[in-house]
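Novice: Got a structure for you, questions after.
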């Protein structure tokens, strides 16, 4: 059965609706984020906004307080969805290393054997805005990362313009969702300010109606106090995050670049086009389409053959030929040794029986070519070095010459 891309995806992402929505592996944190947004708004509508409906006349303008809170919350949730449920800019991984960047090297072992090997350069230089930038090779995705791209260890993907991995949205923040992430954080900041302000207004109204002190008014509406405390604490996080990313956008940096290259001034100015253009690039440029079609069917890739360079291939063929020749010399020497031992044994038996041996009678011419010296240590070797002693080669040649002379 043919499978789709999302079914065999090698990253750690989670897909729903047949690969139409993509989340990070920690998407289970999303319900907590939803509760932190929805619960305070519900409490605000029930215990604060409901009592302010008739406080602003004419035209019952107090109803607008509740409507604004609800619409603002829906807007924040939509931004959260766009941030966490879409491709952040994942670079498609390769099934094999890029052939145009392969380097073929030959290593020589201790016994003289040459072994060809394939190497991948760890880095290479590219030019960005007239500045040389070093990009790294990713062993997991088997590709050279584009500039400003980094590999997320949580999602196990290379992400373009990688900013960071946010556990609150359960997704990487990259090229295709950074705009929505910033809008989500900044809108959450405004929502906190709105709820805090309206809760404070409600306490002020209670003070005016009852001619009471602030402490008595707070006692009359404890939920308003709880909402003010909650929003004050949340503002330190989302408000600080909004301010930090405003600075990053103005200088066209990412969180990853700011933390890693904080001491490199040249790195920070490579992509800086000026504050107005930097904001236009983030908020007004068209969002690039995804480079992955997660619902596409997988096509079987034909077998891949790596062709070694001619020099490597010729050296390998020469090595095989030398090995064959050495093996032949060793085999010839072993056969000659066995024949000599057989001849000695037969002559000894004939001498004991006082009978001439006709089939293995050795004439004087042939006797000179048979070796009677001690057995060399290189004879009979089956493993180890392929080197053959020079004396063995000379004796083999002399034996072959004598044999040809008799023929």
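Each residue, glycine too, has its Cβ placed from N, Cα and C.
Not my notes, these are from Swiss-Prot:
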TRANSMEM  29-49  transmembrane segment
TRANSMEM  62-82  transmembrane segment
ACT_SITE  166  active site, S-palmitoyl cysteine intermediate
TRANSMEM  181-201  transmembrane segment
TRANSMEM  224-244  transmembrane segment
REGION    348-368  region 'Disordered'
COMPBIAS  358-368  compositional bias 'Basic and acidic residues'
Novice: Can you say which of 62-82, 181-201, 224-244 has the most Cβ pairs under 8 Å with the transmembrane segment (29-49)?
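Specialist: Answer is 62-82, with the largest number of Cβ pairs below 8 Å.
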Novice: Kindly assign the residue listed as 'active site, S-palmitoyl cysteine intermediate' to one of the three DSSP-derived states: helix, strand or coil.
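Specialist: Where the residue listed as 'active site, S-palmitoyl cysteine intermediate' sits, the three-state DSSP reduction gives strand.
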Novice: Who are the long-range neighbours of the transmembrane segment (181-201) in its own chain, taking Cβ under 8 Å and residues 6 or more past its ends?
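Specialist: The answer is 37, 40-41, 44, 48-49, 52, 65, 68-69, 72-73, 75-76, 79-80, 82-83, 163, 166, 169, 173, 224-225, 227-228, 231-232, 234-235, 238-239, 241-242, 245, 249, 282.
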Novice: Count the Cβ atoms, other than its own, that fall within 10 Å of the Cβ of the residue listed as 'active site, S-palmitoyl cysteine intermediate', considering every protein chain shown.
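Specialist: The answer is 23.
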